[in-house]
2 protein chains.
Amino acid sequence: MLVLVGLGLGGADDITVNGLKMVQRCSEVFYESYTSIQAHGFDLSVLENAYNKKITLCNREQIENDTDRILDLAEKTDVCILVVGDPFGATTHWSICQQALSRKIPFQVVHNASILTAVGCCGLQLYNFGQTVTVVNWTETWKPDSYFDRIEANLSCGAHTLCLMDLTLGERTIEGIMSQLHFCRNKPEYKPPAFMSASAAAKQLLAIIEMRRQSGKVTLLKESSRCVGLARIGWPDQKIVCRSLAEMSTTDLGEPLHSLVIVGSTHALEEEALRMWQ
Amino acid sequence: MLVLVGLGLGGADDITVNGLKMVQRCSEVFYESYTSIQAHGFDLSVLENAYNKKITLCNREQIENDTDRILDLAEKTDVCILVVGDPFGATTHWSICQQALSRKIPFQVVHNASILTAVGCCGLQLYNFGQTVTVVNWTETWKPDSYFDRIEANLSCGAHTLCLMDLTLGERTIEGIMSQLHFCRNKPEYKPPAFMSASAAAKQLLAIIEMRRQSGKVTLLKESSRCVGLARIGWPDQKIVCRSLAEMSTTDLGEPLHSLVIVGSTHALEEEALRMWQ
(Lines of atoms letter the chains of each structure in order from A; the text may use other names.)
(Lines give C-alpha, C1' and ligand atoms only; values in the text may rest on other atoms or scores of the structure.)
Protein backbone atom coordinates (compact mmCIF):
# COMPACT_ATOMS: atom_id res chain seq x y z
CA MET A 1 0.00 0.00 0.00
CA LEU A 2 1.09 3.58 -0.67
CA VAL A 3 -0.07 6.33 1.68
CA LEU A 4 0.44 10.05 1.13
CA VAL A 5 0.24 11.75 4.52
CA GLY A 6 -0.18 15.52 4.82
CA LEU A 7 1.75 17.04 7.74
CA GLY A 8 -0.14 20.35 7.86
CA LEU A 9 1.52 23.69 8.38
CA GLY A 10 3.52 23.85 11.54
CA GLY A 11 5.26 21.35 13.73
CA ALA A 12 5.45 17.60 14.25
CA ASP A 13 2.12 17.60 16.13
CA ASP A 14 0.21 19.02 13.17
CA ILE A 15 -0.05 15.51 11.72
CA THR A 16 -3.54 14.00 12.17
CA VAL A 17 -4.11 11.07 14.53
CA ASN A 18 -5.01 9.03 11.45
CA GLY A 19 -1.79 10.15 9.71
CA LEU A 20 0.29 9.20 12.74
CA LYS A 21 -1.30 5.74 12.81
CA MET A 22 -0.42 5.34 9.11
CA VAL A 23 3.21 6.40 9.71
CA GLN A 24 3.50 3.90 12.50
CA ARG A 25 2.04 0.97 10.54
CA CYS A 26 4.19 1.58 7.44
CA SER A 27 7.53 -0.18 7.12
CA GLU A 28 9.11 2.56 4.96
CA VAL A 29 8.57 6.27 5.54
CA PHE A 30 9.86 8.94 3.15
CA TYR A 31 9.79 12.69 3.78
CA GLU A 32 9.39 14.91 0.74
CA SER A 33 11.64 17.88 1.40
CA TYR A 34 11.24 20.20 -1.57
CA THR A 35 7.80 21.83 -1.60
CA SER A 36 7.72 23.45 1.85
CA ILE A 37 9.30 23.55 5.30
CA GLN A 38 8.01 23.08 8.82
CA ALA A 39 8.40 25.24 11.95
CA HIS A 40 11.39 23.20 13.12
CA GLY A 41 13.25 23.74 9.84
CA PHE A 42 15.11 20.83 8.29
CA ASP A 43 15.76 18.84 11.42
CA LEU A 44 14.27 15.45 10.54
CA SER A 45 15.14 14.05 13.97
CA VAL A 46 12.30 16.18 15.42
CA LEU A 47 9.82 14.16 13.35
CA GLU A 48 11.65 10.87 13.95
CA ASN A 49 11.48 11.40 17.71
CA ALA A 50 7.85 12.58 17.68
CA TYR A 51 6.68 9.66 15.53
CA ASN A 52 9.17 7.12 16.90
CA LYS A 53 10.01 6.03 13.37
CA LYS A 54 13.01 6.03 11.02
CA ILE A 55 12.33 8.50 8.17
CA THR A 56 14.20 8.83 4.85
CA LEU A 57 14.68 12.35 3.47
CA CYS A 58 13.95 12.68 -0.28
CA ASN A 59 14.54 15.65 -2.54
CA ARG A 60 12.61 16.33 -5.72
CA GLU A 61 14.87 14.21 -7.93
CA GLN A 62 14.71 11.24 -5.64
CA ILE A 63 10.91 11.28 -5.49
CA GLU A 64 10.48 11.91 -9.23
CA ASN A 65 13.23 9.63 -10.54
CA ASP A 66 12.64 6.86 -8.05
CA THR A 67 8.85 6.75 -8.27
CA ASP A 68 9.04 3.28 -9.83
CA ARG A 69 11.30 2.02 -7.06
CA ILE A 70 8.98 3.50 -4.39
CA LEU A 71 5.97 1.86 -6.09
CA ASP A 72 7.80 -1.49 -6.39
CA LEU A 73 8.28 -1.25 -2.63
CA ALA A 74 4.61 -0.32 -2.13
CA GLU A 75 3.59 -3.49 -3.99
CA LYS A 76 5.32 -5.56 -1.33
CA THR A 77 4.86 -3.57 1.85
CA ASP A 78 3.23 -0.45 3.34
CA VAL A 79 5.03 2.70 2.23
CA CYS A 80 4.32 6.24 3.37
CA ILE A 81 5.36 9.58 1.89
CA LEU A 82 5.13 12.56 4.24
CA VAL A 83 4.28 15.88 2.59
CA VAL A 84 4.12 19.30 4.30
CA GLY A 85 0.62 20.83 4.02
CA ASP A 86 -1.98 18.81 2.08
CA PRO A 87 -0.67 16.13 -0.32
CA PHE A 88 -2.45 17.85 -3.22
CA GLY A 89 -1.27 21.39 -2.48
CA ALA A 90 1.71 20.79 -4.81
CA THR A 91 1.21 19.49 -8.33
CA THR A 92 3.90 16.80 -8.30
CA HIS A 93 2.17 14.48 -5.87
CA TRP A 94 -0.78 13.75 -8.08
CA SER A 95 1.52 12.04 -10.54
CA ILE A 96 2.71 9.50 -7.93
CA CYS A 97 -0.88 8.88 -6.93
CA GLN A 98 -1.89 8.36 -10.54
CA GLN A 99 0.93 5.90 -11.18
CA ALA A 100 -0.07 3.94 -8.07
CA LEU A 101 -3.70 3.83 -9.25
CA SER A 102 -2.70 2.67 -12.74
CA ARG A 103 -0.52 -0.09 -11.24
CA LYS A 104 -3.50 -1.06 -9.05
CA ILE A 105 -1.49 -0.50 -5.87
CA PRO A 106 -3.81 0.18 -2.93
CA PHE A 107 -3.53 3.87 -2.29
CA GLN A 108 -4.64 6.25 0.45
CA VAL A 109 -4.39 9.96 1.14
CA VAL A 110 -4.47 11.56 4.58
CA HIS A 111 -5.50 15.17 4.00
CA ASN A 112 -4.33 18.03 6.17
CA ALA A 113 -4.24 21.82 6.45
CA SER A 114 -2.69 23.87 3.66
CA ILE A 115 -1.87 27.56 3.33
CA LEU A 116 -4.54 27.58 0.58
CA THR A 117 -7.25 27.44 3.28
CA ALA A 118 -5.30 28.53 6.38
CA VAL A 119 -4.97 31.96 4.69
CA GLY A 120 -8.57 32.45 5.90
CA CYS A 121 -7.04 33.36 9.29
CA CYS A 122 -6.49 36.91 7.96
CA GLY A 123 -10.28 37.36 7.89
CA LEU A 124 -10.68 37.56 4.12
CA GLN A 125 -13.32 35.04 3.07
CA LEU A 126 -12.00 31.96 1.26
CA TYR A 127 -14.99 32.11 -1.11
CA ASN A 128 -13.73 35.42 -2.44
CA PHE A 129 -10.31 34.20 -3.54
CA GLY A 130 -9.66 33.74 -7.26
CA GLN A 131 -6.87 31.66 -8.78
CA THR A 132 -3.70 31.31 -6.71
CA VAL A 133 -0.37 32.44 -8.18
CA THR A 134 3.28 31.79 -7.39
CA VAL A 135 5.69 34.73 -7.47
CA VAL A 136 8.88 33.32 -8.98
CA ASN A 137 12.42 34.42 -8.18
CA TRP A 138 13.69 36.54 -11.05
CA THR A 139 17.20 36.02 -12.37
CA GLU A 140 19.27 38.33 -14.59
CA THR A 141 17.93 36.60 -17.70
CA TRP A 142 14.55 35.20 -16.65
CA LYS A 143 11.85 37.61 -15.50
CA PRO A 144 8.47 35.92 -16.05
CA ASP A 145 5.44 38.11 -15.33
CA SER A 146 2.54 36.05 -16.66
CA TYR A 147 1.28 35.44 -13.10
CA PHE A 148 0.53 39.19 -12.98
CA ASP A 149 -2.27 38.66 -15.52
CA ARG A 150 -3.97 36.23 -13.14
CA ILE A 151 -3.88 38.85 -10.37
CA GLU A 152 -5.42 41.36 -12.79
CA ALA A 153 -8.10 38.86 -13.85
CA ASN A 154 -8.94 38.20 -10.19
CA LEU A 155 -9.10 41.94 -9.43
CA SER A 156 -11.40 42.48 -12.40
CA CYS A 157 -13.87 40.02 -10.75
CA GLY A 158 -13.33 41.61 -7.33
CA ALA A 159 -11.54 38.46 -6.14
CA HIS A 160 -8.59 38.34 -3.74
CA THR A 161 -5.37 36.65 -4.90
CA LEU A 162 -3.20 34.41 -2.75
CA CYS A 163 0.41 34.84 -3.91
CA LEU A 164 2.63 31.98 -2.83
CA MET A 165 6.35 32.65 -2.67
CA ASP A 166 8.88 30.81 -4.77
CA LEU A 167 11.23 28.65 -2.75
CA THR A 168 14.41 26.82 -3.60
CA LEU A 169 14.76 23.57 -1.69
CA GLY A 170 17.06 20.75 -2.75
CA GLU A 171 17.45 22.18 -6.26
CA ARG A 172 20.58 21.35 -8.20
CA THR A 173 22.84 24.12 -9.51
CA ILE A 174 23.28 24.50 -13.27
CA GLU A 175 27.05 24.29 -12.67
CA GLY A 176 26.54 21.10 -10.70
CA ILE A 177 24.45 19.51 -13.47
CA MET A 178 27.02 20.56 -16.14
CA SER A 179 30.03 19.29 -14.22
CA GLN A 180 28.26 16.01 -13.54
CA LEU A 181 27.52 15.65 -17.28
CA HIS A 182 30.99 16.68 -18.46
CA PHE A 183 33.21 15.20 -15.81
CA CYS A 184 31.03 12.30 -14.70
CA ARG A 185 31.07 13.52 -11.13
CA ASN A 186 28.62 11.52 -9.12
CA LYS A 187 27.87 13.87 -6.27
CA PRO A 188 25.28 16.44 -7.36
CA GLU A 189 25.66 20.02 -6.13
CA TYR A 190 22.63 21.65 -4.54
CA LYS A 191 21.67 25.30 -4.24
CA PRO A 192 21.37 26.60 -0.66
CA PRO A 193 17.72 26.88 0.49
CA ALA A 194 16.21 30.23 -0.49
CA PHE A 195 12.85 31.74 0.39
CA MET A 196 11.24 34.78 -1.15
CA SER A 197 9.91 37.35 1.32
CA ALA A 198 6.57 39.17 1.05
CA SER A 199 8.52 42.43 0.64
CA ALA A 200 10.56 41.01 -2.27
CA ALA A 201 7.33 39.83 -3.91
CA ALA A 202 5.82 43.31 -3.46
CA LYS A 203 8.94 44.85 -5.05
CA GLN A 204 8.57 42.54 -8.04
CA LEU A 205 4.90 43.47 -8.45
CA LEU A 206 5.84 47.17 -8.31
CA ALA A 207 8.48 46.54 -11.00
CA ILE A 208 5.89 44.88 -13.26
CA ILE A 209 3.43 47.77 -12.72
CA GLU A 210 6.23 50.20 -13.70
CA MET A 211 7.23 48.16 -16.77
CA ARG A 212 3.62 48.04 -17.95
CA ARG A 213 3.14 51.73 -17.27
CA GLN A 214 6.18 52.51 -19.43
CA SER A 215 4.69 50.49 -22.27
CA GLY A 216 1.46 52.46 -21.93
CA LYS A 217 -0.63 49.78 -20.17
CA VAL A 218 -2.97 50.59 -17.29
CA THR A 219 -2.98 48.03 -14.49
CA LEU A 220 -5.71 47.41 -11.91
CA LEU A 221 -3.03 46.70 -9.31
CA LYS A 222 -1.52 49.99 -8.11
CA GLU A 223 1.18 51.11 -5.67
CA SER A 224 -1.67 52.06 -3.32
CA SER A 225 -3.53 48.72 -3.59
CA ARG A 226 -3.99 47.00 -0.29
CA CYS A 227 -2.34 43.70 0.43
CA VAL A 228 -1.96 41.39 3.40
CA GLY A 229 1.43 39.95 4.28
CA LEU A 230 1.36 36.63 6.11
CA ALA A 231 4.39 35.01 7.74
CA ARG A 232 4.77 31.59 9.32
CA ILE A 233 1.02 30.80 9.29
CA GLY A 234 0.22 27.96 11.70
CA TRP A 235 3.55 28.41 13.51
CA PRO A 236 3.69 29.77 17.09
CA ASP A 237 5.05 33.15 15.89
CA GLN A 238 2.75 33.76 12.90
CA LYS A 239 2.42 37.38 11.78
CA ILE A 240 -0.20 39.19 9.68
CA VAL A 241 0.00 42.79 8.44
CA CYS A 242 -2.15 44.86 6.05
CA ARG A 243 -0.31 47.52 4.03
CA SER A 244 -0.37 49.23 0.66
CA LEU A 245 1.70 47.40 -1.95
CA ALA A 246 4.31 50.19 -1.78
CA GLU A 247 4.53 49.95 2.01
CA MET A 248 4.69 46.15 1.88
CA SER A 249 7.81 46.36 -0.29
CA THR A 250 9.71 47.74 2.73
CA THR A 251 7.99 45.71 5.48
CA ASP A 252 10.08 43.01 7.16
CA LEU A 253 7.98 40.03 8.28
CA GLY A 254 10.95 38.09 9.63
CA GLU A 255 11.75 34.44 8.98
CA PRO A 256 10.08 32.40 6.18
CA LEU A 257 7.62 31.16 4.99
CA HIS A 258 5.80 34.23 3.70
CA SER A 259 2.68 34.68 1.56
CA LEU A 260 1.01 37.78 0.19
CA VAL A 261 -2.67 38.42 -0.49
CA ILE A 262 -3.75 41.04 -3.01
CA VAL A 263 -7.04 42.34 -1.64
CA GLY A 264 -9.99 42.52 -4.07
CA SER A 265 -13.49 43.83 -3.25
CA THR A 266 -14.31 43.53 0.44
CA HIS A 267 -17.40 43.09 2.61
CA ALA A 268 -17.92 44.96 5.90
CA LEU A 269 -16.76 41.95 7.94
CA GLU A 270 -13.61 41.68 5.84
CA GLU A 271 -12.92 45.40 6.33
CA GLU A 272 -13.24 44.94 10.06
CA ALA A 273 -10.68 42.12 9.88
CA LEU A 274 -8.21 44.12 7.78
CA ARG A 275 -8.29 46.96 10.31
CA MET A 276 -6.83 44.57 12.87
CA TRP A 277 -3.64 44.09 10.84
CA GLN A 278 -2.94 47.76 10.14
CA MET B 1 -8.14 30.96 26.31
CA LEU B 2 -10.32 30.20 23.30
CA VAL B 3 -9.21 27.57 20.80
CA LEU B 4 -10.88 26.84 17.47
CA VAL B 5 -9.95 23.30 16.47
CA GLY B 6 -10.50 22.02 12.91
CA LEU B 7 -11.61 18.39 12.75
CA GLY B 8 -10.79 17.81 9.08
CA LEU B 9 -12.98 15.89 6.70
CA GLY B 10 -13.71 12.40 7.87
CA GLY B 11 -13.80 10.67 11.20
CA ALA B 12 -12.75 11.25 14.79
CA ASP B 13 -9.10 10.43 13.95
CA ASP B 14 -8.85 13.26 11.42
CA ILE B 15 -8.17 15.68 14.28
CA THR B 16 -4.48 16.67 14.51
CA VAL B 17 -2.32 15.51 17.42
CA ASN B 18 -2.06 19.18 18.39
CA GLY B 19 -5.85 19.58 18.20
CA LEU B 20 -6.38 16.50 20.37
CA LYS B 21 -3.99 17.88 23.00
CA MET B 22 -5.99 21.15 22.98
CA VAL B 23 -9.31 19.30 23.42
CA GLN B 24 -7.90 17.38 26.33
CA ARG B 25 -6.50 20.42 28.13
CA CYS B 26 -9.68 22.52 27.76
CA SER B 27 -12.27 22.41 30.50
CA GLU B 28 -15.20 23.16 28.14
CA VAL B 29 -15.54 21.68 24.65
CA PHE B 30 -18.27 22.74 22.21
CA TYR B 31 -19.04 21.08 18.87
CA GLU B 32 -20.34 23.34 16.13
CA SER B 33 -22.94 21.24 14.33
CA TYR B 34 -24.26 23.40 11.51
CA THR B 35 -21.66 23.89 8.78
CA SER B 36 -20.78 20.28 7.92
CA ILE B 37 -21.00 16.66 9.05
CA GLN B 38 -18.47 13.91 9.67
CA ALA B 39 -18.31 10.32 8.44
CA HIS B 40 -20.00 9.02 11.59
CA GLY B 41 -22.97 11.37 11.13
CA PHE B 42 -24.42 13.10 14.18
CA ASP B 43 -23.31 10.64 16.80
CA LEU B 44 -21.37 12.84 19.20
CA SER B 45 -20.53 9.89 21.44
CA VAL B 46 -18.08 8.71 18.74
CA LEU B 47 -16.03 11.88 19.34
CA GLU B 48 -16.55 11.80 23.11
CA ASN B 49 -15.22 8.25 23.26
CA ALA B 50 -12.31 8.92 20.89
CA TYR B 51 -11.23 12.08 22.74
CA ASN B 52 -12.26 10.88 26.22
CA LYS B 53 -13.99 14.18 26.85
CA LYS B 54 -17.50 15.53 27.47
CA ILE B 55 -18.58 17.59 24.44
CA THR B 56 -21.52 20.01 24.18
CA LEU B 57 -23.42 20.13 20.87
CA CYS B 58 -24.18 23.66 19.60
CA ASN B 59 -26.32 24.69 16.66
CA ARG B 60 -25.94 27.95 14.75
CA GLU B 61 -28.17 29.96 17.10
CA GLN B 62 -26.38 28.77 20.20
CA ILE B 63 -22.93 29.68 18.83
CA GLU B 64 -24.07 33.03 17.40
CA ASN B 65 -26.36 34.13 20.24
CA ASP B 66 -24.19 32.85 23.03
CA THR B 67 -20.82 34.11 21.73
CA ASP B 68 -20.60 36.51 24.69
CA ARG B 69 -21.28 33.72 27.16
CA ILE B 70 -18.68 31.48 25.47
CA LEU B 71 -16.13 34.32 25.57
CA ASP B 72 -16.94 35.09 29.25
CA LEU B 73 -16.11 31.45 29.91
CA ALA B 74 -12.92 31.72 27.84
CA GLU B 75 -11.80 34.63 30.04
CA LYS B 76 -11.82 32.33 33.06
CA THR B 77 -10.85 28.96 31.65
CA ASP B 78 -9.70 27.13 28.49
CA VAL B 79 -12.57 26.72 26.03
CA CYS B 80 -12.51 24.84 22.76
CA ILE B 81 -14.88 24.93 19.78
CA LEU B 82 -14.65 21.97 17.41
CA VAL B 83 -15.38 22.74 13.76
CA VAL B 84 -15.57 20.22 10.89
CA GLY B 85 -12.95 20.98 8.20
CA ASP B 86 -10.77 24.05 8.76
CA PRO B 87 -12.06 26.68 11.22
CA PHE B 88 -11.98 29.32 8.48
CA GLY B 89 -13.74 27.26 5.80
CA ALA B 90 -17.06 28.78 6.96
CA THR B 91 -17.51 32.53 7.32
CA THR B 92 -19.17 32.54 10.74
CA HIS B 93 -16.12 31.47 12.71
CA TRP B 94 -14.07 34.54 11.91
CA SER B 95 -16.54 36.66 13.84
CA ILE B 96 -15.98 34.67 17.08
CA CYS B 97 -12.23 34.92 16.56
CA GLN B 98 -12.47 38.67 16.02
CA GLN B 99 -14.56 39.20 19.16
CA ALA B 100 -12.01 37.20 21.17
CA LEU B 101 -9.16 39.31 19.77
CA SER B 102 -10.98 42.57 20.53
CA ARG B 103 -11.64 41.41 24.11
CA LYS B 104 -7.92 40.48 24.36
CA ILE B 105 -8.77 36.87 25.15
CA PRO B 106 -5.83 34.61 24.24
CA PHE B 107 -6.86 32.85 21.09
CA GLN B 108 -5.53 29.97 19.01
CA VAL B 109 -6.53 28.18 15.84
CA VAL B 110 -5.67 24.59 14.98
CA HIS B 111 -5.94 24.34 11.21
CA ASN B 112 -7.00 21.20 9.40
CA ALA B 113 -8.02 19.80 6.02
CA SER B 114 -10.96 21.33 4.16
CA ILE B 115 -12.83 20.32 1.01
CA LEU B 116 -11.41 23.55 -0.48
CA THR B 117 -7.99 21.87 -0.80
CA ALA B 118 -8.93 18.18 -0.51
CA VAL B 119 -10.77 18.62 -3.85
CA GLY B 120 -7.26 18.36 -5.35
CA CYS B 121 -7.67 14.57 -5.00
CA CYS B 122 -9.61 14.61 -8.30
CA GLY B 123 -6.37 15.55 -10.09
CA LEU B 124 -7.43 19.06 -11.12
CA GLN B 125 -4.74 21.49 -9.94
CA LEU B 126 -5.72 23.69 -6.99
CA TYR B 127 -3.94 26.63 -8.64
CA ASN B 128 -6.44 26.52 -11.47
CA PHE B 129 -9.55 26.95 -9.34
CA GLY B 130 -11.31 30.30 -9.37
CA GLN B 131 -13.77 31.56 -6.78
CA THR B 132 -15.78 28.91 -4.94
CA VAL B 133 -19.58 29.00 -5.06
CA THR B 134 -22.40 27.48 -3.03
CA VAL B 135 -25.38 26.01 -4.86
CA VAL B 136 -28.37 26.94 -2.74
CA ASN B 137 -31.57 24.94 -2.33
CA TRP B 138 -34.30 26.60 -4.36
CA THR B 139 -37.76 26.98 -2.88
CA GLU B 140 -41.02 27.78 -4.69
CA THR B 141 -40.47 31.50 -4.15
CA TRP B 142 -36.69 31.86 -3.86
CA LYS B 143 -34.53 30.84 -6.83
CA PRO B 144 -31.23 32.77 -6.59
CA ASP B 145 -28.87 32.30 -9.54
CA SER B 146 -26.16 34.91 -8.93
CA TYR B 147 -23.63 32.17 -8.15
CA PHE B 148 -23.94 31.15 -11.82
CA ASP B 149 -22.19 34.40 -12.83
CA ARG B 150 -19.16 33.41 -10.75
CA ILE B 151 -18.98 30.08 -12.60
CA GLU B 152 -19.16 31.97 -15.90
CA ALA B 153 -16.43 34.42 -14.76
CA ASN B 154 -14.22 31.49 -13.76
CA LEU B 155 -14.83 29.72 -17.10
CA SER B 156 -13.97 32.91 -18.99
CA CYS B 157 -10.50 32.81 -17.30
CA GLY B 158 -10.21 29.05 -17.90
CA ALA B 159 -10.53 28.41 -14.16
CA HIS B 160 -12.29 25.45 -12.57
CA THR B 161 -15.12 26.12 -10.07
CA LEU B 162 -15.68 24.23 -6.86
CA CYS B 163 -19.43 24.18 -6.19
CA LEU B 164 -20.25 23.42 -2.58
CA MET B 165 -23.71 22.07 -1.82
CA ASP B 166 -26.21 23.84 0.37
CA LEU B 167 -27.01 21.98 3.55
CA THR B 168 -29.65 22.43 6.20
CA LEU B 169 -28.39 21.54 9.67
CA GLY B 170 -30.04 22.72 12.86
CA GLU B 171 -32.07 25.39 11.04
CA ARG B 172 -35.34 26.51 12.54
CA THR B 173 -38.58 26.24 10.57
CA ILE B 174 -40.46 29.42 9.71
CA GLU B 175 -43.53 27.84 11.32
CA GLY B 176 -41.50 27.14 14.46
CA ILE B 177 -40.26 30.72 14.69
CA MET B 178 -43.79 32.10 14.12
CA SER B 179 -45.43 29.87 16.68
CA GLN B 180 -42.73 30.73 19.21
CA LEU B 181 -43.35 34.44 18.58
CA HIS B 182 -47.15 34.22 18.65
CA PHE B 183 -47.78 31.62 21.28
CA CYS B 184 -44.65 32.10 23.40
CA ARG B 185 -43.72 28.47 22.93
CA ASN B 186 -40.24 27.92 24.26
CA LYS B 187 -39.16 24.87 22.37
CA PRO B 188 -37.89 25.85 18.92
CA GLU B 189 -38.71 23.58 15.98
CA TYR B 190 -35.90 22.51 13.68
CA LYS B 191 -35.96 21.43 10.06
CA PRO B 192 -34.75 17.89 9.42
CA PRO B 193 -31.16 17.76 8.09
CA ALA B 194 -31.07 18.08 4.30
CA PHE B 195 -28.18 17.77 1.89
CA MET B 196 -28.10 18.72 -1.76
CA SER B 197 -26.76 16.06 -4.12
CA ALA B 198 -24.37 16.67 -7.03
CA SER B 199 -27.15 15.56 -9.40
CA ALA B 200 -29.61 18.09 -7.90
CA ALA B 201 -26.99 20.82 -8.28
CA ALA B 202 -26.42 19.79 -11.91
CA LYS B 203 -30.20 19.93 -12.52
CA GLN B 204 -30.31 23.46 -11.10
CA LEU B 205 -27.42 24.56 -13.34
CA LEU B 206 -29.24 23.08 -16.38
CA ALA B 207 -32.37 25.02 -15.36
CA ILE B 208 -30.39 28.28 -15.18
CA ILE B 209 -28.80 27.61 -18.62
CA GLU B 210 -32.30 27.02 -20.02
CA MET B 211 -33.74 30.17 -18.37
CA ARG B 212 -30.91 32.27 -19.77
CA ARG B 213 -31.26 30.68 -23.21
CA GLN B 214 -34.96 31.60 -23.23
CA SER B 215 -34.07 35.19 -22.46
CA GLY B 216 -31.59 35.20 -25.34
CA LYS B 217 -28.37 34.94 -23.31
CA VAL B 218 -25.48 32.71 -24.34
CA THR B 219 -23.77 30.90 -21.46
CA LEU B 220 -20.24 29.46 -21.37
CA LEU B 221 -21.52 26.56 -19.28
CA LYS B 222 -23.35 24.08 -21.53
CA GLU B 223 -25.20 20.79 -21.15
CA SER B 224 -22.08 19.13 -22.59
CA SER B 225 -19.59 20.88 -20.24
CA ARG B 226 -17.55 18.48 -18.19
CA CYS B 227 -17.87 18.35 -14.45
CA VAL B 228 -16.52 16.21 -11.64
CA GLY B 229 -18.83 14.90 -8.95
CA LEU B 230 -17.21 14.21 -5.59
CA ALA B 231 -18.89 12.38 -2.74
CA ARG B 232 -17.73 11.85 0.85
CA ILE B 233 -14.18 13.10 0.22
CA GLY B 234 -11.81 11.96 2.96
CA TRP B 235 -14.27 9.27 4.10
CA PRO B 236 -13.52 5.56 3.58
CA ASP B 237 -16.09 5.28 0.74
CA GLN B 238 -15.26 8.47 -1.20
CA LYS B 239 -16.35 8.52 -4.84
CA ILE B 240 -15.25 10.63 -7.82
CA VAL B 241 -16.87 10.65 -11.29
CA CYS B 242 -16.36 12.80 -14.39
CA ARG B 243 -19.45 13.37 -16.56
CA SER B 244 -21.06 15.96 -18.78
CA LEU B 245 -23.34 18.32 -16.84
CA ALA B 246 -26.38 16.66 -18.46
CA GLU B 247 -25.16 13.18 -17.45
CA MET B 248 -24.31 14.37 -13.93
CA SER B 249 -27.92 15.44 -13.41
CA THR B 250 -28.93 11.75 -13.44
CA THR B 251 -25.87 10.30 -11.68
CA ASP B 252 -26.40 8.99 -8.15
CA LEU B 253 -23.31 9.41 -5.96
CA GLY B 254 -24.94 7.94 -2.86
CA GLU B 255 -24.88 9.38 0.65
CA PRO B 256 -23.84 13.01 1.38
CA LEU B 257 -21.71 15.14 1.44
CA HIS B 258 -21.38 15.92 -2.27
CA SER B 259 -19.48 18.59 -4.20
CA LEU B 260 -19.33 19.38 -7.89
CA VAL B 261 -16.45 20.83 -9.91
CA ILE B 262 -17.10 22.65 -13.17
CA VAL B 263 -14.02 21.93 -15.28
CA GLY B 264 -12.29 24.91 -16.94
CA SER B 265 -9.24 24.72 -19.23
CA THR B 266 -7.11 21.66 -18.57
CA HIS B 267 -3.45 20.64 -18.85
CA ALA B 268 -2.35 17.24 -20.13
CA LEU B 269 -1.83 15.93 -16.57
CA GLU B 270 -5.31 17.07 -15.59
CA GLU B 271 -6.78 15.34 -18.67
CA GLU B 272 -5.04 12.13 -17.65
CA ALA B 273 -6.61 12.45 -14.20
CA LEU B 274 -10.12 13.10 -15.55
CA ARG B 275 -9.94 9.96 -17.72
CA MET B 276 -9.68 7.94 -14.51
CA TRP B 277 -13.12 9.07 -13.32
CA GLN B 278 -15.01 8.43 -16.57
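Every residue gets a Cβ built from N, Cα and C, even glycine.
Those TrEMBL annotations? Automatic predictions, nothing curated.
As annotated by TrEMBL, S-adenosyl-L-methionine binding site applies to B:LEU9, B:ASP86, B:GLY89, B:SER114, B:ILE115, B:HIS258. The domain 'Tetrapyrrole methylase' feature in TrEMBL is assigned to B:1-247.
This view paints the features noted in TrEMBL onto the structure.
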{"residue": "B:LEU9", "record": "S-adenosyl-L-methionine binding site", "Cβ within 10 Å": "27"}
{"residue": "B:ASP86", "record": "S-adenosyl-L-methionine binding site", "Cβ within 10 Å": "31"}
{"residue": "B:GLY89", "record": "S-adenosyl-L-methionine binding site", "Cβ within 10 Å": "25"}
{"residue": "B:SER114", "record": "S-adenosyl-L-methionine binding site", "Cβ within 10 Å": "30"}
{"residue": "B:ILE115", "record": "S-adenosyl-L-methionine binding site", "Cβ within 10 Å": "23"}
{"residue": "B:HIS258", "record": "S-adenosyl-L-methionine binding site", "Cβ within 10 Å": "25"}
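In sequence order, B:LEU9, B:ASP86 are the binding-site residues among B:LEU9, B:ASP86, B:ILE115, B:HIS258 whose C-beta falls under 8 Å from a C-beta of chain A. On the 0 to 100 pLDDT scale, the domain 'Tetrapyrrole methylase' (B:1-247) averages 89 in the predicted structure. Taking every pair among B:LEU9, B:ASP86, B:GLY89, B:SER114, B:ILE115, B:HIS258, the residues listed as contacting S-adenosyl-L-methionine, the largest Cα to Cα separation comes to 17 Å.
Reduced to three states, the DSSP call for B:ILE115 (S-adenosyl-L-methionine binding site) is helix. B:LEU9 (S-adenosyl-L-methionine binding site) falls within neither a helix nor a strand when secondary structure is assigned with DSSP, and so counts as coil.
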